[in-house]
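Novice: Got these off TrEMBL a minute ago, pasting:
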ACT_SITE  Asp139  active site
BINDING   Leu86, Cys87, His88, Met124, Glu125  substrate binding site
DOMAIN    26-161  domain 'Molybdopterin cofactor biosynthesis C (MoaC)'
REGION    1-32  region 'Disordered'
Amino acid sequence: MMKDDLNRNGIPMSLTHTDDQGRASMVDVSDKPATVREARASAFVRMQPATLALIRENGLKKGDVLAVSRIAGIQAAKQCSNLVPLCHPLALSKVGVEFAFQEEPAGVAIETYCKLSGQTGVEMEALTAASVAALTIYDMCKAVDLSMVIENIALLEKSGGRRGHYVRAEDETKQP
């Protein structure tokens, strides 16, 4: 095995969701021990400053953008296995969705958190929560701003399981 065949944690890299013939396959996790698994993910919705002001002032006709987006993100994490075909259904013990306003560029930063004690990680659930929370912000604001952009959807951190603790380096989230 060459050095390029290892990830940055020294774990051999291979696709886990394919069988020996290259067909899609759900990973069997029944022999893995249950451990506490946690993940944080992010997304950013860039928008016009006037749109950001409307969100802050709760001035959109559809209602409280952040409250609805928070619920959408939580719901999405719980539905991840129905959306991403090879994800395992998980009994999440915690899902959190937080928002921060940003002035330059104008927009809403989203950070999600998922946790469970189980045999597989919650990265996809955290990423799905961030993505759907961002889509919900877009949906609720599109009547006033079709120029919004959803960007920087990324896994920020994960812990638990065979691969251990991962923290995204700050420069890994920057756009090219």
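Glycine residues also receive a Cβ, built from the backbone N, Cα and C atoms like all the rest.
Unlike curated records, TrEMBL annotations are generated automatically.
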Novice: Sequence gap of 6 or more, Cβ distance under 8 Å: name the residues on the same chain that satisfy this around Glu125 (substrate binding site), in order along the sequence.
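Specialist: Set apart from Glu125 (substrate binding site) by at least 6 residues yet with Cβ under 8 Å, we have Ala39, Ala77, Lys78, Cys80, Cys87, Leu90, Leu92, Val95, Cys114.
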Novice: Among all protein chains shown, how many Cβ atoms are found within 10 Å of the Cβ of Leu86 (substrate binding site), not counting that one?
Specialist: 13
Novice: Just the number: how many Å between the Cα atoms of Asp139 (active site) and Met124 (substrate binding site)?
Specialist: 22
Novice: So, in DSSP terms, is Cys87 (substrate binding site) helix, strand, or coil?
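Specialist: Going by the DSSP assignment, Cys87 (substrate binding site) belongs to neither helix nor strand, so it counts as coil.
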Novice: Inside 8 A of the center formed by the CB atoms of Leu86, Cys87, His88, Met124, Glu125, which other residues of the chain have their CB, for the recorded substrate site?
Specialist: Cys80, Ser81, Val84, Leu90, Thr120
Novice: Of all the Cα pairs drawn from Leu86, Cys87, His88, Met124, Glu125, the residues the record ties to substrate, which distance is largest, in Å?
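Specialist: Result: 12 Å between the two most distant Cα atoms.
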Novice: Around Met124 (substrate binding site), how many other C-beta atoms are within 10 angstroms of its C-beta?
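Specialist: Other Cβ atoms within 10 Å of Met124 (substrate binding site): 22.
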Novice: Cys87, His88, Asp139: which of these recorded positions has the highest Cβ count within 10 Å of its own Cβ?
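Specialist: Max Cβ neighbours within 10 Å, all protein chains included: Cys87.
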Novice: Could you count the residues of the domain 'Molybdopterin cofactor biosynthesis C (MoaC)' (26-161) that DSSP puts in helix, in strand and in coil?
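Specialist: DSSP classes over the domain 'Molybdopterin cofactor biosynthesis C (MoaC)' (26-161) add up to 45 helix, 44 strand, 47 coil.
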